[in-house]
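Undergrad: Mind looking over this structure? Questions follow.
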Amino acid sequence: MIKTDILIIGAGPTGLFTVFEAGLLKLKCHLIDALPQPGGQCSELYPKKPIYDIPGFPEILAGDLTSNLLEQGKQFEPGFTLGERAETIEKLEDDSFIVTTNKGTKHHAPIIAIAGGLGSFEPRKPQLEHIDKYEDNGLAYFIKDPEVYRDKKVVIAGGGDSALDWSIFLADVASEVTLVHRRNEFRGALDSVERAQELKLIGKINIITPAEITALHGKNHIEGVAVTKDGETQIIEADAFIPLFGLSPKLGPIGNWGLEIEKNAIKVDTLDYQTNIPGIYAIGDVNAYEGKLKLILCGFHEATLMCQSAYKRLNPGKKFVLKYTTVSGIDGFDGTRKESPKAVVKAIV
Ligand SMILES: Cc1cc2nc3c(=O)[nH]c(=O)nc-3n(C[C@H](O)[C@H](O)[C@H](O)COP(=O)(O)OP(=O)(O)OC[C@H]3O[C@@H](n4cnc5c(N)ncnc54)[C@H](O)[C@@H]3O)c2cc1C
């Protein structure tokens, strides 16, 4: 059982900034995300795009914003459960909660902050018979650890950036990489398409287009995939099959947690972004209230107010005095201290 003060569901920019604001109040956070890496939409959908409306940054790449948020929160030692979807919630007698993921990991916290954005990103799955049987048995929709594929025969399907980038990366790790796409044209960055073409020419990647995966083979684990091109089917021996057809966001299981839902978003009050269930907050893109704007800076603001409310809930009756970080400095949970240089006090005689 993972125990924390605030359990954050969603490690997008809102969830990551919550770690910092909670840390200032000496509250510890743990984050769950269905994706294998933090950053939410910023890292999954547009890491190389510049954002122009983050206060204080005239221009910042979405991927760099994620790195900065991780760096800013690091001293408060957040925990992460990545690549797992928060599935069920149970309220205990003491008003705390247990959240269990689709992989069975249990988390216990008195405060839940849902920062789930557009919902959990679910992989688009190809329509193949018995596909469920092979999931986690050679078939993966994300690559969490490329080392798993060392010296293995890998078949990747898809025509976007992920399919290209991972084919290129795994060319130096796997013993054999085959990339299958239903069109001749790829929708990836030009340099990735060119690099894949080069690797094909020197025999480091097999590229089969226009073609489709039509069946999976293997007793209990992937042993081969059937590839159909121009009406003819061949079986390619494989230890792993990785379909990378993109992700679609779904509010998913959180929609069944008894929260008030409005147009696929969670209704909150605008005082502290609490939901209809006391102790459960919803911040960032996932919430709904009058005048809501789905912007990163709004998520940061909501996270800040939500942490204040969580602090009061956890410390009833305790007086809270807002202190500027420039004045009080920051005491990390890792023993580090950041503070601005002390003013020189000198007597005037
Ligand atoms: C192309 C593009 C450009 C954009 N440009 C800008 C811009 O210039 N400026 C701006 O302010 N905004 C921009 N946005 C919007 C901005 O990205 C979002 O407002 C922001 O990402 C919201 O952050 P979030 O943390 O609330 O949610 P998200 O970034 O969506 O993160 C939510 C995370 O929660 C996870 N999650 C959800 N449900 C579960 C569950 N049950 N279990 C586990 N994990 C779960 C998801 O996997 C996801 O990683 C842009 C968006 C796109 C798509």
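Residue positions begin at 1 at the first shown residue.
Cβ atoms are placed via backbone N, Cα and C, with glycine included.
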Undergrad: From the candidates D151, D161, D285, give the one listed by TrEMBL for the same FAD site as T14, D33, Q41, Y46, A86, F121, T326.
TA: D285
Undergrad: Suppose you look only at the domain 'FAD/NAD(P)-binding' (5-295); what would the mean pLDDT be?
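TA: That region's mean pLDDT is 94.
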Undergrad: Measuring CB to CB from F121 (FAD binding site), give everything in the same chain under 8 Å that is also at least six residues away in sequence.
TA: A34, L35, E44, L247, S248, P249
